[in-house]
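Colleague: Input: one structure, supplied below.
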Amino acid sequence: MNIKTGGCTEDCSYCAQSTRYQKGTGVEAKRVETVESVLEAARIAKENGSTRFCMGAAWRDMRGRKNSLRNIKDMVSGVRGMGMEVCVTLGMIDEAQARELKEAGLTAYNHNLDTSREFYPSVISTRSYDERLKTLGHVRDAGINVCSGGILGLGETSEDRIGLLHTASTLPAHPESFPVNALVPIKGTPLGDRKPVEFTSMLRTIAAARVTMPATIIRIAAGRKTMTDEQQALCFMAGANAIFTGEKMLTTECNGWDEDAALFGRWGLEPMKSFQKSKSPELQPQA
Ligand code: SAM
Ligand code: SF4
């Protein structure tokens, strides 16, 4: 769920929510959703089979956002009270903010590396790769699971995709969750006219992520809407073991719960329960 849409000061060249591209994308900045509306959405997600509720906000960071952080902590503890895992992605955070989110019961914090260190400046110029890594450090040190993955189809090379995987798999601990996004070209953004990434690059990135991070949950994220059943099945066989499902994924289309339940039925897949790790104890994220 997008709990705060648009109005972001960063210049991520794929993103509809940056104020820099607002004229072209038409995405208006909205206020933060109320705690009640977010918890209502979480209840609907749980009724439809979601096991983790992810909340995204279009901010660079949380400086000076004390009230918003208080409300988000209420959202976090409210979702946990429903017996669901809960993840937020709020931009860069500091040590104290990470600790507060942990105390509120946060399961995971999403902050994607997106691509290789070398290619990152071609995609985003308003923050550095090391600032990204610093937030991942605060998240890890606070004892919150790290959710950090990438986005393919930015114009990166396969060396860049290897660079992304190398950075993620050589962090002090493997991320608990590694989302793999295929660029959804959004009109009005600098990458609005890019051709979608070849499916084989998506598949090989998932397979390489599975080999290098054996216990990490690999989530097929944005772009799954454009995949056939068979392509999604290939992603699962290559090692993906989670999906984003629901009405929207921030500002991009998402496969709905009914569509995904039917897909799982056809392929004999069943979701793990909330807080259930892999069945084999040796497959726990390594330090
Ligand atoms: N504002 C927060 C941040 O930037 O970390 C969270 C917003 S959202 C979770 C950020 C991620 O969504 C990006 O790192 C990117 O991987 C993905 N994303 C954003 N726009 C996308 C698009 N048009 N196509 C595919 N993935 C996209
Ligand atoms: Fe802002 Fe996040 Fe979009 Fe970048 S991806 S412009 S940080 S909302």
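Placement of Cβ uses the backbone N, Cα and C atoms for every residue, glycine included.
Whatever TrEMBL says is automated annotation, not expert-curated.
Checked TrEMBL, it gives:
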BINDING   CYS8, CYS12, CYS15  [4Fe-4S] cluster binding site
BINDING   CYS54, CYS87, CYS147, ARG219  [2Fe-2S] cluster binding site
DOMAIN    1-224  domain 'Radical SAM core'
Colleague: Limited to the domain 'Radical SAM core' (1-224), I'd like the whole-number average of pLDDT.
Modeller: 96
Colleague: Which residues, in sequence order, are found in the same chain with Cβ within 8 Å of the centroid defined by the Cβ atoms of CYS8, CYS12, CYS15 at the [4Fe-4S] cluster site, excluding those residues themselves?
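Modeller: Other same-chain residues near the [4Fe-4S] cluster site: GLU10, ASP11, TYR14, ALA16, GLN17, SER18, ALA58, ILE124.
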Colleague: Quick check: which same-chain residues outside CYS54, CYS87, CYS147, ARG219 lie with their CB within 8 A of the centre of the [2Fe-2S] cluster site CB atoms?
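Modeller: These residues sit around the [2Fe-2S] cluster site: ARG52, THR89, ALA108, ASN110, SER177, PRO179, PHE244.
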Colleague: Using a 6 Å cut-off on Cβ distance, which of the binding-site residues CYS54, CYS87, CYS147, ARG219 come close to any atom of ligand 2?
Modeller: none
Colleague: Could you tell me the C-alpha distance between CYS15 ([4Fe-4S] cluster binding site) and CYS54 ([2Fe-2S] cluster binding site) in angstrom, no decimals?
Modeller: 18
Colleague: Are there any residues at least 6 positions away along the chain from ARG219 ([2Fe-2S] cluster binding site) with a Cβ closer than 8 Å to its Cβ? List them or say none.
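Modeller: Looking at Cβ-Cβ distances below 8 Å from ARG219 ([2Fe-2S] cluster binding site), excluding near sequence neighbours, one finds GLY149, SER177, PHE178, PRO179, VAL180, ALA240, ALA242, ILE243, PHE244.
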Colleague: Tell me which residues of the chain lie with their Cβ under 8 angstroms from that of CYS147 ([2Fe-2S] cluster binding site), as long as they are six or more apart in sequence?
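Modeller: When sequence neighbours closer than 6 are ignored, CYS147 ([2Fe-2S] cluster binding site) has CYS87, THR89, ALA108, TYR109, ASN110, HIS111, PRO175, GLU176, SER177, PHE178, PRO179 within Cβ distance under 8 Å.
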Colleague: For CYS147 ([2Fe-2S] cluster binding site), which DSSP three-state class applies?
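Modeller: The three-state answer is strand.
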Colleague: Neighbour count first, Cβ atoms within 10 Å, every protein chain included; then name which of CYS8, CYS12, CYS15, CYS54, CYS87 tops the list of binding-site residues.
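Modeller: For the binding-site residues CYS8, CYS12, CYS15, CYS54, CYS87, the Cβ with the most other Cβ atoms within 10 Å is CYS54.
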Colleague: Taking just the CA atoms, what is the gap between CYS54 ([2Fe-2S] cluster binding site) and CYS12 ([4Fe-4S] cluster binding site) in Å?
Modeller: 20
Colleague: With DSSP assignments reduced to helix, strand and coil, which class does CYS12 ([4Fe-4S] cluster binding site) get?
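Modeller: SS state of CYS12 ([4Fe-4S] cluster binding site) = coil.
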